[in-house]
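Peer 1: To start, I am sharing the structure in question, which I have written as structure tokens.
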Amino acid sequence: MVFEEKMIQNGEPDEEEEEEDEEEMVDPLETIRQKCEETEHCVHAREKLEACETRVGSRSETTEDCTEELFDFLHARDHCVAHKVFHSVK
């Protein structure tokens, strides 16, 4: 209790004031990834990935996985991101 009073008397901000001062940081890479996922090429790749996941999920015994479709989607998204990400870097 005495320690807390000394902190308040010294003028140090308490936790509530610190939280109000901090701005919420937004990762520009995540924002760009979300925008790129909405492009035509990425939407097509995502549809293939989701179709594969549905097909594999509906089977009880299968050796098929959706690795190729996942890599195709990630490649399409990252290709789009690569052209835009450096414009937002300071």
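Think of each number as a place in line: the chain as shown, counted from 1.
Glycine is no exception: its Cβ is also placed from the backbone N, Cα and C atoms.
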Peer 1: What residue among C36, C66 is stated in TrEMBL to be the disulfide partner of C52?
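Peer 2: It is C66, per the disulfide annotation in TrEMBL.
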Peer 1: Let's check the environment of C36 (disulfide bond): how many other CB atoms sit within 10 Å of its CB?
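Peer 2: So the number of other Cβ atoms within 10 Å of C36 (disulfide bond) is 20.
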Peer 1: What is the interatomic distance between the Cα atoms of C80 (disulfide bond) and C66 (disulfide bond), given in whole Å?
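Peer 2: Checking the Cα atoms of C80 (disulfide bond) and C66 (disulfide bond) gives a distance of 22 Å.
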Peer 1: Under DSSP, the domain 'Ubiquinol-cytochrome C reductase hinge' (27-90) has how many residues in helix, strand and coil?
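Peer 2: In the domain 'Ubiquinol-cytochrome C reductase hinge' (27-90), the DSSP-based counts are 49 helix, 0 strand, 15 coil.
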Peer 1: Measure from the CA atom of C36 (disulfide bond) to the CA atom of C66 (disulfide bond) and give the result in Å, rounded to a whole number.
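Peer 2: For C66 (disulfide bond) versus C36 (disulfide bond), the Cα atoms are 21 Å apart.
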